[in-house]
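Worksheet for the structure shown next.
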Amino acid sequence: MWDKIKEFSSEFFVTGDPLILGAQVSIGLTLVAVVLVLTYFKKWRWLWSEWLTSVDHKRIGIMYIICSILMLFRGGVDALLMRTQLAAPELEFLTAEHYNQIFTTHGVIMILFMAMPLMFGLFNIVVPLQIGARDVAFPFLNSLSFWMFFFGAMLFNLSFVIGGSPDAGWLAYPPLSELSGSPGVGQDFYIWGIQISGMGSLATGINFIVTILKMRAPGMKLMKMPMFTWSVLSSSLTIILAFPILTVTLFLLFLDRYAGAHFFTLDGGGNPMMYINLIWMWGHPEVYIVVLPAFGIFSEIVSTFSKKRLFGYSSMVYALMSISIVSFFTWAHHFFTMGSGANVNAFFAVSTMIIAIPTGVKVFNWLFTMFRGKLSFPTPMMWTIAFIPCFVIGGMTGVMLSVAPADFQYHNSYFLIAHFHQTLIGGVVFGFFAGLYYWWPKMFGFKLHEGLGKWAFWFWNIGFYVCFMPQYALGFMGMTRRFNEYNFDMGWQPLNVVSTVGAFLMGIAFLFQVWQIAHSIRFYKKEPTGDTWNGRSLEWSIPSPAPMYNFARTPIVTSRDDWWEKKERRRKGEPELPHVAKAEQAPLEPIHMPRNSGVPFVMSFFWFIAGFGFVWDWTWMVIPGLIGVIVCMLVRSFTYNTDYYVPVDEIERTEAAARGAH
Amino acid sequence: MRRYYRMLMTVLFLTMAFALSGCSGAQYIVLDPKGPIGQSQKDLIIITTLLCAIIIVPVLILTAIIVWRYRDRPGRKASYQPHWEHSTKLEATWWAIPIVIIAIIGVVTVNYTYMLEPSKPLESDKQPITIQATSMDWKWLFTYPDEDIATVNYIKFPEGVPIRFQLTADTAMNSFWIPQLGGQLYSMSGMAMTLYLQADEQGSYYGSGANFNGKDFAQMTFTADAVSQEEYDKWVSEVKGDAPVLTMDGYESLTSPGPSDVQLFSSFPEGLFDKIVTQYVEEGGGGHGHHGASASDPKTDDSQTAFNTNSTQNEHAGH
């Protein structure tokens, strides 16, 4: 009996690596500490009723952001481990197996569990406030999306200590990801972690499309929407077209592994190349899904801190929409070297280059928003200014990569690695940081410390160039991605050392950000107004943090930068427009709000149970998991008491308290 | 705080300068091609980089100027027009500039795409030599069908003669790349891809398996030696004389996962490459379905030798 348990646990838990053992111990200790703290301060009920069951878009957004920062930490540690291994030739810091696991989890975590939730967090916090709505269209579904993401991410991360991490690359090309190449459970954790959170992502896409199309404040025509809202719309449209492809592809891979099917196997008529096509049909739009909202954030910030209207609004809208359409016709540029022939390669080369046109237009429009403006440089604007040259260079190397015959020399090399990190860090991460610093006061009612933020900014930026510029050169030196070691005679060492130094500079930058957040909480200074940055759109017209119902009265929108125009009218002493004035003086009415629900949390937890059962092929666990999911759906279907009204006197109290501060 | 800030800046900029200049004496093999394909690809890299730079460099300069000139400071002279938000002329200009540049790069790219199609034979008065390359877990097996010799992780061929590489994979996909001769092409199981390369100079060139295919993927590097015709002939006859024979059993032991040193063989089983290419073709559609069965390995099945060349040998044609 004892031997059986020992044998099982040696297979169940990842053993034998001091790094992982340390992680297991620290995870265990952290969990115990969290439980103790919650119990000691009697916070369990608070946690459940205020957060875990909340359907408030602002709280869901904050939870997304907390998770994504934790995931950034894990993905970042993965990156530093890799860079340490590559700092010297023939180093034996990590074994080949361990290195393969780390680059796989680094990629998956950074894209799916860092960039996506950070983006969804900003969607959640900003979009309803920008369009003058009380919540998203489907608050319950929104909560479900978050918890599906959360439990999917947990399942994926669990593979680190239980069963072993996936190691077939972040897109898990078969046959390496088939049972023949990955007999362990790591790949199953990959499939189910992504599947469960992917369903959540798809639901979020639907939710925001409906929210934006149906819930805008009166007067906000499509062409009067703030640019961030436009970018969310284009990104969400891309999500609902791309994510089903991912779900189907991974489901087919699951059938191969679980039911012995032959979609992507080598034998039995399967074709691994089909998987590569399918996964990139999702994978390429995916990078635009994360970068388009970043474009939206930059548009907001550049206009706010230039104190000027966004230049070329309609060009910006057409650019966003055309990028999200063309992004579906470029997937094969990820494998020009598959030998599909000159016709196919020529088509995908040109379609890829075409993306550079709207992107270039956006850059010009940002520049001319600043032109004849009055620029100030707090941290959100610094990230925006840093983004422009970084992304322009990243875009240039992107066009270079799209030149199919030249790509035969860049493909799989560090040139490619440098390129996509430049666009994903310089575009997406810089953008989301800018957004985080910009909307932080709106989320929490206090600003982040500017001085520490500038230190973090410079460490991030200089670290970035020190890390990735040498990698372009390494690509020309023939260094291939995913090498866990290299020989002395290739001459790759000096640049690799430089690159590793850069990675650690970015690690220091992250520590500065953690310090910045801790410091700003410790020396909490309430923002006196809701309009920290002299903003332009509706979210700045209400107190910070926004009241639970957002707007006491539904705002009436008359122009693009509605809040800015209103402030201008006030400044000049002009009378308010009659229909707006009438609405603003109307008596308060009870506000219709959704009720909190524990179902999303519980249902996602059952998905987690089912997923864990699938991973280990434990049918006894899968069945109760799936039954739990169905029961949760039934419970929700027969719950009729899902909403309530906030009475007028409560609104009056809340407003008085929020606005009384200044 | 401010003083430390300046110090930090200095240190970081020095680090960056080191990063950008610390490349002297390095071996930029992609930019040092020794064959016609690599040379054309280098030309293309330079052309497209310059075309991109035409637009990028002014944009970077413009960014710096605008950010500097329009920063908010007391007593500045630059104009401030908070309502200026549209100019059809300007916007038409910057829709047009990228369109023109991309159109030019597009035309160049499409021309080169047809010109450098990997399966297109190189123009030469010399008869091409065929080398069949199989990526395995985790080594390269090279077979010379005309000379009837085989090697592992090493190839030698004469300079100035087109080499017709045929590529396949025993298991997971890899990518065959000799940077100084030309770009890479995937080696994929169940297919025989064609890649023409040629070395115009004698030399010893670095080759690698550029696509991740599992644990010891980093060990899949090999050397490609381009030598004179005489030296090549001598080498072939030496290998034929001295080296051991690669038997079917020997091949089977090569398929077991693991890295390998350089090996030479005086002969190899007839039709070995075709056998590797067609090893996954179903004979009579045998059924196997339960969980875990896809790891089964049909390559020991002798009946697989009878295959239909037309339908399975996916000779890469590019039309």
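Quick reminder: no glycine exception, Cβ is built from N, Cα and C everywhere.
Since the structure is predicted, the reported quantities are computational estimates derived from the model, not experimental observations.
Under the heading transmembrane segment, TrEMBL lists A:20-41, A:102-127, A:139-162, A:230-255, A:275-298, A:344-368, A:380-404, A:416-440, A:452-474, A:494-515, A:598-616, A:622-639 (among others). Residues annotated as domain 'Cytochrome oxidase subunit I profile' in TrEMBL: A:42-558.
Contact between the transmembrane segment (A:139-162) and the transmembrane segment (A:380-404) is not supported: fewer than 3 Cβ pairs lie under 8 Å, counting only residues 6 or more apart in sequence. Same-chain residues lying 6 or more positions outside the transmembrane segment (A:102-127) and placing a CB less than 8 Å from one of its CB atoms are 57-58, 60-65, 67-69, 71-72, 74-75, 78-79, 81-82, 94, 133, 136, 142, 145-146, 149, 153, 156-157, 159-160, 165-172, 190, 193-194, 197, 201, 204, 208, 211-212, 228-229, 232, 235, 286, 289-290, 293, 297, 424, 428-429, 432, 435-436, 439, 442-443, 482, 539. Non-local neighbours of the transmembrane segment (A:275-298) in the same chain are 111, 115-116, 119, 122-123, 171-174, 227-232, 234-235, 238-239, 241-243, 245-246, 248-249, 252-253, 263-264, 320, 323-324, 327-328, 330-335, 338, 362, 366, 384, 387, 420, 423-424, 427-428, 430-432, 434-435, 438; each lies 6+ residues outside the stretch with a CB under 8 Å from one of its CB atoms. With Cβ pairs under 8 Å as the measure, the transmembrane segment (A:452-474) is packed most heavily against A:494-515, out of A:230-255, A:344-368, A:416-440, A:494-515.
Residues 119, 123, 127, 172, 174, 177-178, 188, 191-192, 194-195, 198-199, 201-202, 204-206, 208-209, 212-213, 261, 263-264, 275, 278-279, 281-282, 285-286, 288-290, 292-297, 299, 316-317, 320-321, 323-324, 327-328, 614 of the same chain lie 6 or more positions beyond the ends of the transmembrane segment (A:230-255) yet place their CB under 8 Å from a CB of it.
Recorded stretches compared: A:20-41, A:344-368, A:416-440, A:494-515, A:598-616; the one with the most Cβ pairs under 8 Å to the transmembrane segment (A:380-404) is A:416-440.
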